[in-house]
Amino acid sequence: MATALAQGFASLFAVRFLLGVGESPAPSTSAKVVATWFPKSERAFATSIWDSGSRVGAVIALPIVALIISITTWHGVFIVIGALGVVWAFAWWKFYRSPQEHPRVDAAELAHIEDGGARTASNDDAAAAQLPWRSLFRYRTILSMMFGFFCLNSAIYFFITFFPSYLVSERGFDLLKLGMFGALPGVCAVACGWLGGLVADRAVRRGHSITRVRKTQIAGGLTGGSVIMFAAVVPEAWMALALLSLAYSSRTIAATGIWSLPADVAPSSNHVGSIGGIQNFASNLAGIFTPVVIGVLVDRTGSYIAPLAVIGAVALLGAANYLFVMGKVEPLKVTESAATQR
């Protein structure tokens, strides 16, 4: 809401910075909630539901924002959306409870959750629970997750920052076409993310290892996402839009697996949120570098061929990283000496 009161660059920068600070815990907190509430055979689909929220919001926000502006001004948009955020935060604080505390969870459901591999204190190893969060950076698995998520988000930030400009300047879309077709990648991504979560959970229930399922889902999604490199060279606009939709959808399938990993590899339930925050930090570094790299390459070359080729290559690097660098997907091993080190 404070954005509506900003006067000049300095105040706008300050309130947007604070917005980022306030929003940043949301993904890792969501991963922690899923880890607490769902057994591992239901984890991926539950993750796909909350992960789709940002894309669903982006799709439905456009007409709502336009309506608010037509009734008030652009200031009203930030006030209304900010107020909705306050209401949602209050509702979350008021009604959210863990399975152990929720009045509608009976003994049978609680046993299903805990016995199925949900990350709860009752399933924790005492030594692992004492591991300082700083020690997580010593594990190859964590470093691999950071690099891999950076690779994924490199393309996501193309869609956030340059996608509309690309359709207008390179593919000749006017505002009408942009409004009609610009949301297509996001809509496809929501459906594919849910489907990817369902398929992954079904594979776990059929006895496939978590390592095999997660690596297949994430590496496959990133490999599919690399087709973004061809979007700049196909002759027709509809072909480019189809490739971009495929790339975004594939990366969303990968994202579902990536956000399931914190619960899969955390040494204890205490570390799920920390690991989610660590990989999310690395992924958002892509939000700093990717727009700059794209802008420089477009300025130097006069086209999007080089930027999209780089983004596609980075996706393949990410896929190789998850396949060959990350190692086995399992709770990190903690020695007693590591757990007591500060």
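For all residues, glycine too, the Cβ spot is worked out from N, Cα and C.
TrEMBL does not curate its annotations; it predicts them automatically.
Among the features that TrEMBL reports, domain 'Major facilitator superfamily (MFS) profile' is placed at 1-330. If you take every residue in the domain 'Major facilitator superfamily (MFS) profile' (1-330) and average the pLDDT, you get 91.
According to TrEMBL, the transmembrane segment annotation covers 60-93 (among others).
Residues annotated as transmembrane segment in TrEMBL: 142-163 (among others).
Annotation source TrEMBL lists transmembrane segment at 183-204 (among others).
Residues or ranges marked as transmembrane segment in TrEMBL: 216-234 (among others).
Look at TrEMBL and you will find 281-298 (among others) tagged as transmembrane segment.
Among the features that TrEMBL reports, transmembrane segment is placed at 304-325 (among others). Sequence-distant contacts of the transmembrane segment (304-325) (same chain, six or more residues past either end, CB-CB distance under 8 Å): 140, 144, 147-148, 150-152, 154-155, 158, 162, 166, 170, 214-215, 218-220, 222-223, 225-233, 251, 290, 293-294, 297-298.
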What parts of the chain pack near the transmembrane segment (281-298), using Cβ distances under 8 Å and only residues at least 6 beyond its ends?
24, 145-147, 149-154, 156-158, 160-162, 304, 306-307, 310-311
Cβ-Cβ under 8 Å with the transmembrane segment (183-204): same-chain residues at least 6 beyond its ends:
40-49, 51-52, 55-56, 58-59, 62, 159, 163, 210, 212-214, 216-217, 221, 241, 244-253, 255-257, 260
